[in-house]
Amino acid sequence: MNPTLSRGGAPSRFVRGRGRGGGAYRPYFYFRRNGRVIPAGGNRQPNQGEPGAPDAPSVPPATRQPRGWSRTAGKRGRNAHLDCSFLRPENYAAPEDGLQVQSIAVDNPRAYSGWRLYFLREKYEEGNELATRIMAVEAYYQRNPHTFDFVMIRDRGFFPLCAAGIKSDAQLKEVWPSLSEDIREHPLRTLGTLSLAMHTVVVNHQLDCNDSTTAMVSTPEQYVLPTPRVRKIYARPDDFVPVESIEGISHSRVDTLFSIRGFVSNVGEPSYSLTWQAFRCSRCQMEIAMRQRGTFQPRPYQCKRSECVARDEFVPLRSSPYTRLSIRQIIRVEESSLNLVHDFETSMPAEMDVELRHDLVDAVRVGQEVVVTGILKLQELGDDTTTGDTSNQMQPYLKAVSIRDASSIKREFSERDLEAIVMINAEPNSFKLLVQSIAPEVYGHELPKAACLLSLLGGKGAETEAINVLLVGDPGIGKTKILQSCAQIAERGAHVSGKRGAQSAQQLGVTFAGRNKRVLQAGSLMMASGGGHCTLDDVDKLASKQAVLLQCLQSEEVNLPLAGAFASFPAQPSVIACANPQRGQYDEGRYLLQNINISPSLLREFHLVYILLDKPSERDMSLTAHVRALHAGARKRARIAARYALKPKMSDSMCEVSLNVPAAGKDDDTIKTEDDNDSIMQQDYDLDKRLEVLPEEGDLDLLPPILIKKFLSYARQELNPVLNEDASNAVLRYFLELKGSCNLDEDVSSQIGAGQLLAIIHLSQARARLDLSHVVSPQHVRDVIALLTESITQTSLKEGSSRQGTRGGGGAGGGAGKSAQLRNFLELTKRRSAALGRRIFEFDELKEIGTRAGILTGFSQLVEMANLGGYLLMKGANMYEVVPD
């Protein structure tokens, strides 16, 4: 028993507080943070009135108070939350959902049965602003039954909400004029209002359906499932905010709505957790919901109703809508923007983590281009379990509220962009201007640049049809610069450098990353899927991943073998690659496969193959002047100069003026060339000279990469050209002549088929896109024929006059038939015999000659064929004699 107070009211040493020997006062419950003792009672909330005030909340009386405690109205009540605001820095922006609620009493009003699903603390007041807005949104949903399927929304648990429809409703605009601003600045509260209105409409629709039908009652013979309660419904807003750049997102705009566009580079493993658990009091039958965190599952220790004194026997409700099992997934989105140009060697596009919940989980796949709308949040880097970062810094992330596939969403161009595109198209030779603007530091090589430009424009089906280009040449010729320039101006590009060895090889296919190897990471082939372009520098050094590349080009998918499972991902990229010769310098006397380390099957997948050689020519003086001007800063990539006037273009193709074709505006049926009946392959048409910059023209005002990127994106998006009758006849004549030129070799002619015909058509359509033309003319086909002819000529041996080609010339010289191989082998053998002065050769010597002739497999069968044909005579064991002519 404590002694009584002494006279005068002086505190005794036995009394708590700052008395004699008692030390500093500490409450019964406290905790520490950063070395400071924080009382569990906390401070009075800013919105809490003084004791005795009219608006002061009433504190329910405690059932049992510990001895010596006198809880007043000013102290923290039973359901009051902790306030640690004094620990926050001065510039702290309180999040909208920062008020943590540990438990709630499910006391929904009669008008809204799902009120506590969306508003945990706010009480319903009839006639206030929130109630009026909810009723107005309900009326909007009921006025548009053709837009909202209430039965499907109840089953799915979410509904798409288009901004165009709800913003244009006049009745809703009168009640809620600031809807657009509220959903942008206060998205959580606004989306909760929109979702609660839909929840109420769905509940009323379900009640109407139950009243109209005869309710079945369970019997001992037949059990009838009870009608489940409607769970929480989520609104998925679309087009409420414009798409913004990830780099422009500021931390000061936390808890506001953002929209970004990009490619899904990483997909994490979904995690499941119980976030809320509903209980029912066994005495008063009141429903209580408690927040669940971690592995420990708390239970109510007292009833939320002040009249009830129950402290135990709370029954968990598994089927209650307030019992929520939350699904969470983290993905990483890489930015896709036409206003940014990245140098893949030194910088990478901006990335942002996105948190998916509920129905949005597993809604995307790696490599998919999406538009994500979400709420900006902050998190500690140390809390990220998908990566190994252990920093104390804060990074922004998006809490997604809606996700859409960006393949069907067109890109928007400003008025300034459209004016620049018109200026480029108004040039009399826009093809030449665009070709010269690609890698201007590389002098010459106009045809390889033109081939890369057509590959970036794609064919008719730009999402599924690819145009693959391979550049082979001596080191230092400028192949890497061309590839880097193509990666910068590609609308959807990925760059892989083979100089990094195994690290680059792992960037091709789909791999697992993260600390626990639970994050699915998209490779370059997946990031360039869907009409994108993957540039591979030194593809011959990626020997370990050439099988992955071949499979992607052939089957248009990337496989991922797993333990006990097998996964495949669709991938349709266009590949622009380069390779160096094995011996350091390209040998024109050897086949293409003997110069580079690429398999024949992979080589056949390239439609265009060009050999870039450093030969002495009359251009060397111009090359010297070009290099000097480049280092002096004279050839800088400037924007379109003032001389680009908005003038009408005289022709749809830059070749029509030089070919004496009637100007645009006349009937297309009258466009006929005087040599239509002659062979197209025999016409004297030098495309390389037409794309070359002449000395009298001076320096061109080259286009910047960002403008080329927008021009190519506009052409791919808005134009889908078709072949007219003249262009179709030109393609057919060239294809028949290409097939007829290989009639002497049956094996080669059998490889010229529909694939090569489709390649010519897709290249012609890409050439028409470059002129912003909706019709493919014969002049467009002529440019494509010039590119194909040059590719076939460069990749064939100088000694052979026949065009040995496969898919558009890509496998030229690499897949010759047995008869062609036999002719080349016998020709080299006779030359070797004449040089040595003898006709007897051993088998190893003949094999070496066959290797020089490009015969890598089946040499024994070839020697046997020569023996049976009488070209070689067997003179003993592994000894053969060359029969002279």
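Residue 1 is the first one shown; counting continues down the chain.
Backbone N, Cα and C atoms are what each Cβ position is placed from, and that goes for glycine too.
What Swiss-Prot lists as ATP binding site is GLY473, ASP474, PRO475, GLY476, ILE477, GLY478, LYS479, THR480. For THR480 (ATP binding site), the same-chain residues that are 6 or more apart in sequence and have a Cβ closer than 8 Å to its Cβ are ASP537, CYS578.
The compositional bias 'Polar residues' annotation in Swiss-Prot covers 796-805.
According to Swiss-Prot, the compositional bias 'Gly residues' annotation covers 806-817.
Annotated domain 'MCM' per Swiss-Prot: 430-627, in sequence order.
Annotation comment: Swiss-Prot describes 36-76 (among others) as region 'Disordered'.
If you look up Swiss-Prot, you'll see 796-818 (among others) marked as region 'Disordered'.
Annotated zinc finger per Swiss-Prot: 281-308, in sequence order.
Of all the binding-site residues listed (GLY473, PRO475, GLY476, GLY478), GLY476 has the fewest other CB atoms within 10 A of its CB. There are 16 other Cβ atoms within 10 Å of the Cβ belonging to ASP474 (ATP binding site).
If you average pLDDT over the domain 'MCM' (430-627) in this model, you get 81.
Sequence-distant neighbours of ILE477 (ATP binding site) (same chain, 6+ residues apart, CB-CB distance under 8 A): VAL442, HIS445, LEU612, LEU613, ASP614. Sequence-distant neighbours of LYS479 (ATP binding site) (same chain, 6+ residues apart, CB-CB distance under 8 A): LEU471, GLY473, ASP537, CYS578, LEU612.
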